[in-house]
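For reference, Swiss-Prot has these:
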type	residues	note
REGION	1-44	region 'Disordered'
COMPBIAS	8-37	compositional bias 'Low complexity'
MOD_RES	Tyr53	phosphotyrosine
MOD_RES	Ser58	phosphoserine
MOD_RES	Ser79	phosphoserine
BINDING	Thr241, Lys261	substrate binding site
BINDING	His244, Asp246, His316	Fe cation binding site
REGION	503-522	region 'Disordered'
ZN_FING	671-717	zinc finger
BINDING	Cys678, Cys681, Cys684, Cys716	Zn(2+) 1 binding site
BINDING	Cys689, Cys692, Cys695, Cys711	Zn(2+) 2 binding site
REGION	816-848	region 'Disordered'
REGION	876-1053	region 'Disordered'
COMPBIAS	885-894	compositional bias 'Basic and acidic residues'
COMPBIAS	973-987	compositional bias 'Polar residues'
COMPBIAS	999-1025	compositional bias 'Low complexity'
Amino acid sequence: MSTAVETGSSPAKSNSNNSSSGGNNNNGNGNLSPNAKGVQRRQLRERKQRKLYLEEWSLGDEDGEGTRGFSVAEKLESSKFAQAGMVREMRGCDLTVAFLQQHGFNIPLLFRDKAGLGLRMPDPQEFTVNDVRLCVGSRRLLDVMDVNTQKNLQMTMKEWQQYYDSPQKDRLLNVISLEFSHTRLDRFVQSPEIVRQIDWVDVVWPKQLKDAQREGTNLLGGMMYPKVQKYCLMSVKNCYTDFHIDFGGTSVWYHILRGSKVFWLIPPTDRNLQLYEKWVLSGKQADIFFGDTVEKCARVYLTAGNTFFIPTGWIHAVYTPTQSLVFGGNFLHSFGIVKQLKTASVEDSTKVPQKFRYPFFTEMLWYVLARYVHTLLGHSHLEGEASLSEDEMAARPHTHLTHHELFGLKEIVMYLYDLPPQKKNVPSLVLDPVALIKDVRSLVERHCKDQQDLAITGVSVLKSPPGSQPPFLLYDRTRVKQEIKQEIARKNAEVIREQQQLEAGRAREAESDTSQSTGVGSVIGMGAGVEYSNGVMKKEQLENGSGVTVGGHGSQPEATFALPTDTLKYRPPKKMHLATALVAAAASSSSGGGGPVAGVGGSAVVGSSHSPTGGGVGPVTGAGGAISVIATSSSYIEGGQVGGILNMDNCHSPEGGGAKLSPNLTGTGQPRRRRTRCKNCAACQRSDCGTCPFCMDMVKFGGPGRAKQTCMMRQCLSPMLPVTAQCVYCHLDGWRQTPVSPQTKQLASADGPSALMECSVCYEIAHPDCALSQLDGTEDAADAKGIVNEDLPNSWECPSCCRSGKNYDYKPRHFRARQKSSEVRRVSVSHGQGGAEGHADGNTLLPPPVGQYNDFVFTSESEMESGTVSGHMTHWKHGMKRHHQLEVKTERNNSCDTPSPGISPNAIGGDSKVGKRRKSDDGTSVSSSMHESNDAPCGSSAEGAGGAGNANVSTNQWSGSGGGGGSRKKNSIRSQLAQQMLNSSTRVLKKPQYVVRPASGTGSSSSSGNGGSASATNGISNGSNQSGANSCGAGNGERGTNNGGLSGSNGLGNQHYSSSQNLALDPTVLKIIFRYLPQDTLVTCCSVCKVWSNAAVDPDLWKKMNCSEHKMSASLLTAIVRRQPEHLILDWTQIAKRQLAWLVARLPALKNLSLQNCPIQAVLALHTCLCPPLQTLDLSFVRGLNDAAIRDILSPPKDSRPGLSDSKTRLRDLKVMKLAGTDISDVAVRYITQSLPYLRHLDLSSCQRITDAGVAQIGTSTTATARLTELNLSACRLVSENALEHLAKCEGLIWLDLRHVPQVSTQSVIRFASNSKHDLCVRDIKLVERRRRNSTTANRSWHHD
């Protein structure tokens, strides 16, 4: 617990407990623990080093495996610790604010009964660890400590509960850090009343911040206040926690609900705190029982029902004789401020990691000052808090402060004053910290003569705001389970509601875009629509006065939601896109034209059913985005009149090709269920791989367990329909039986496979004969057939979707196990035989498709301007009327050179109404036509402006040339379309183009190449009346194969341009121009095109790269390697060792490297045979850089390349080395002079441990005296004038900095300069350099970059 007495995150425990409790082979009763059964393991040495407790615990010391040097059983029986008078027993009613005001809180308090404390707990007879799991969640991650190995583990609450309840335990585990505030358990545990009255979190911390807390765990990223108020401690028998002090000097309340505890207590005297610091830093906690080293140490026994209070700073250890369940909490208060701050200083001296400290400790001190000033002076220093008027403050009586509070406020000010600026942590809500400190000074002066007897009022000066505490509830397991079910249902409803709102919003946006671009011919926006809000469908009037009522009787009540496990019916989700509604509308209106109707005014599109009388309406155009509800009916729509009631509950329209309802819920309002594993394929039978992203997220592989996904290698290849699935029409299951529970269906497989089929388009489950029978009586019933998908069991494209053409509009549903990032699902558009007219040679130029939901909406604004609207609509109707006799398909990554031949039903299975979907060679499915059709070339002519209008085909690739032009290169449009479709993006795909001006003599349109598809500007082409053959011919013109080659096209013919004429794509020209651009502009140039990107990353343009203060991500490291700089600056970056090692091994030309203030572990990565021969190395202000680190860096590398072994350091060619502000001494200077023979510039400024002896090392080195020209010793306070005698031996020294060196006088520096043969002079008091000349000034400027 990061809090209560047994907290593993407490400062002391983070250092001491880890080693002392590790490897104990004796339990509390003196018996051998389970790890010590049989012969004890022989050890060669004892492990006495201090254990490290970091976030990455695996990077610390090895797990403690040694035995303790003392017996806990002996300490339990020793009479030395049976001391009286160190714990005060009290009744609950006696612990009040007046008691603390009078006596303070300096001694532990024991309450045998919780009566009078205001402490409320669940019933100990009924409340168990299983109830804790129920309240905090089975997936809540716990920090678990293995008592014997001292290894940090992470377990889910469910796993911990199973371990806790198991009778046989193979190891000792302890949970001491489960903070349950803002969880369901928070309401059933109420802290003592005295804690609620004085806890700074309740009375000081801003309430709006505490109310903003949403995270139930203790993640610092989501913590809005110090979340340490309520902890649950669960320990098994024989757990022991060594001596520690609770973090931040917090006090602790501790209630034993079940089991028992034993405490050893040591008072926080100055002597004991000093001994404690030495004991923690000694690393011998496992050998020494700290209670033996102090004068007074008392042992206290606690049993179930006892409540215990431990004051600030008390050193204590805990033992668990019986399995226990404990609730507790930590709190700061105003009656122990001095000791709280003193304990914080102990944490600094013992180097407790920040993870184990009180969160927001410094910020809390600022809020304490602000609250006291506002309460006693009326001045507000917090944002959003109003100050009190002087009259109001004058009317109040004078408040007397206790000496605990008065001296505490002074200590807080001094504590904050002594902190360095980067650690003052002034909260953003504090407006002016300086004014706040001044007001605190005035407050202390005003209350310095307060009388102590008048300060005992029984009322705390700082009061908690009303409503700061959650109401207490009696624990009821049944009610909690019901709340959990309701919460799951509510979350399901929220997810579904958000999805519907998102789809409706997209629909409105697309409708607005479409309504702005309509207004041609037969497409008219009439403003009729359906509004969907709060589960109620409302009608809006059409312009002619007729309305549409949706929802059976004009309204639809909000659906109720239940758990997925509460239903036995399986109905997969139905998805309905706008293009489907448009296809259905076109099919219904193909027999005749009525008044045009456009449903673009609402959040849902109402599709009309087929009109038997032939008086259907014209084309119905809707929004190009997602829609929430599309309703159909068999009502008649004639002459623009809309009559009847549209039934929202209809999932299928038996008459005509109306659109289908696309609900997100089943008929009972319950969420959909997914397919189940087949348990037969190789993926189902294998184990987790342990390497994929989902495995790395699993708890058992060390991940956080948030994704909740199965292994990618175990994703079933043939997922089956659940046995509870039923037909949507006859409501029978796949074996023609009444659906029953899954338990009774265990032997269903013995009766054969299920006969149900799931449509991959509309996701409707039905028997094939039931689906076909629903079409009886329609004009297309004879031709209605379905297409079976052999890649997925019980999957097909139902006859209804095939008849309406929806199976060509959308990609079929596929599973991640089959999905490849480079694969694209089929995009097919069916049209009639008239679509082949105008083809000169069967070659096509196919423009790229628009977004997923806009398959039949205009491709671009230029088409509308060119008058191609009528062509679209005319061809659309003809294509739908002729029953898709021609199919244009684009398979995954397969060029569509030849069409798929039509396969008649007789070729598959006699008179079967179900077609087959054969598998292609590459594993992708190729659909065979469900109608007999003639072979046709796979392609269609491009859209000509005002052309014949018989080709509205969208694909993402170039068709092969029939005249031997060869296959076209796959272009960037194809990859973009693949990514767009796989991500289900609704964004309209736009063709990327180079910003290149055409050369003289070209027409108004040009196509840009480099592997991309051609596109025309200002419409499709200039020739507005050219035929489809001319348009196709323009697309079949030869394209330049050179890099950057372009081919232009206009209505009169093709003109070709070589790459030499296009200077904007000439790499040589680009590099010359790029030399004049700053690096940030070069980064922008990389996103223009591939040619520019290759030219912009040329190493000649990136001789120097400055990545200081940047986050070292993988993309940044890759960018550095691509540019191959010679001078790399990584100052003030948190680069890791593995990152720097990876980087330097791939920069062989690197000469200058700067690593200022980088982690020392990263700097040690230079000790490798792969390090480039650097000439300049800057290690200034690297924390932890000492003599040992310098020795490691400058020693020969331990690794070697094949056939090569270095006997000298890889940094031996260094000419410049900067070590300013590091912790090196004279020993490091000796390493430098011995290992770097070519060193010319050495920077040792601000190195406080450098003395005359280190300078003497420079003077006695033959290489240094001959080659060293520049030396910086500024701010080296231990250097004296004797160092100048050694520096006089350096014959080449022409620059010396001795500024801020107090032991060197200016006169001695002047003498040194005058005795030199290099014509030196003294500037800026103690800076020795050569007399300035024009040439030397230019040569010296690089030192001050």
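Residue numbers in this text run from 1 along the chain shown.
Including glycine, each Cβ sits where the backbone N, Cα and C put it.
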Mean of pLDDT values spanning the zinc finger (671-717): 83
Cys716 (Zn(2+) 1 binding site): tally of other CB atoms within 10 A of its CB: 19
Per-residue Cβ crowding (10 Å cut-off), top of binding-site residues His244, Lys261, His316: His244
Rounded inter-Cα distance in Å - Cys692 (Zn(2+) 2 binding site), Cys716 (Zn(2+) 1 binding site): 16
CB contacts for Cys681 (Zn(2+) 1 binding site) [other CB atoms within 10 A, all chains]: 16
Largest tally of Cβ atoms lying within 10 Å of a Cβ, found at which of the binding-site residues Cys678, Cys711: Cys711
Remaining residues near the recorded Zn(2+) 2 site, that is with C-beta within 8 Å of the centroid of the site residues Cys689, Cys692, Cys695, Cys711: Asp688, Gly690, Thr691, Pro693, Phe694, Met696, Met712, Met713, Arg714
Where Cys684 (Zn(2+) 1 binding site) sits in the secondary structure, as DSSP reduces it to three classes: helix
Cβ-centroid neighbours of Zn(2+) 1 site Cys678, Cys681, Cys684, Cys716, 8 Å, sequence order: Arg677, Lys679, Asn680, Ala682, Ala683, Gln685, Leu717, Ser718, Pro719
Structural state census, the zinc finger (671-717) (DSSP three-state): 15 helix, 1 strand, 31 coil
Cβ-Cβ neighbours of Asp246 (Fe cation binding site) (radius 10 Å): 30
Greatest C-beta neighbour count within 10 angstroms, which of the binding-site residues Cys684, Cys689, Cys692: Cys692
Surrounding CB atoms that lie within 10 Å of the CB of Cys695 (Zn(2+) 2 binding site), all protein chains: 21
Intrachain C-beta neighbours of Ser79 (phosphoserine), sequence separation six or more, cut-off 8 angstroms: none
Residue from Cys684, Cys711, Cys716 whose C-alpha is spatially nearest that of His244 (Fe cation binding site), among the binding-site residues: Cys711
Where Asp246 (Fe cation binding site) falls in three-state DSSP terms: coil
